[in-house]
Amino acid sequence: MNACVLSVLCLLGALAVLVEGVTVQDGDLSFPLESVKKLKGLREVQEPRLVSHKKFAPRLLQPVAPQLCSSHSALPEALRPVCEKPNAEEILQRLEAIAQDPNTCEICAYAACTGC
């Protein structure tokens with residue numbers, strides 16, 4: 001009887017983890033991985049400038065936080081609390097790194113990802 005109850009509890013726990021999905025945590029903030037993935041499409045990719053016929057010079061990247069927080073209505077609601085933080089730029093850069101390769105987060109290669 002106890003084994004049956006334990007089995008049911010384990011299955012319910014596993015189901016709860018699967019339903020909740022992967023969570024990305026940065027400090028005291030946590031976000032669903034699906035919201036973090038949306039960052040990838042929000043930021044326009046800067047095209048490199050042609051310096052000579054063989055070399056490209058990268059442009060200086062514009063700060064991410066002011067652009068996303070003030071003018072981008074497509075910023076997922078779950079990520080909006082980042083805009084209120086004084087280090088929003090650093091947080092968004094870390095989240096963008098995860099957004100560039102979310103598969104790595106889905107297998108929990110990042111320490112910031114939980115719920116695998």
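Backbone N, Cα and C define each Cβ position, glycine as well.
Per Swiss-Prot, the feature signal peptide maps to 1-23; the stated evidence is sequence analysis. Per Swiss-Prot, the feature disulfide bond maps to C69-C83, C105-C113, C108-C116.
Location within the structure of each feature annotated in Swiss-Prot.
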residue: C69; record: disulfide bond; DSSP class: helix
residue: C83; record: disulfide bond; DSSP class: helix
residue: C105; record: disulfide bond; DSSP class: helix
residue: C113; record: disulfide bond; DSSP class: strand
Query: What Cα-Cα separation, expressed in whole Å, is found between C105 (disulfide bond) and C69 (disulfide bond)?
result: 24
- prompt: For the disulfide-bonded residues C105, C113, which one has its C-beta crowded by the most other C-beta atoms within 10 angstroms?
  reply: C105
Field: Surrounding CB atoms that lie within 10 Å of the CB of C83 (disulfide bond), all protein chains
entry: 15
Message: At a 10 Å cut-off from the C-beta of C69 (disulfide bond), count the other C-beta atoms across all protein chains.
response: 17
- request: Could you round the CA separation between C113 (disulfide bond) and C83 (disulfide bond) to a whole angstrom and send it over?
  value: 21
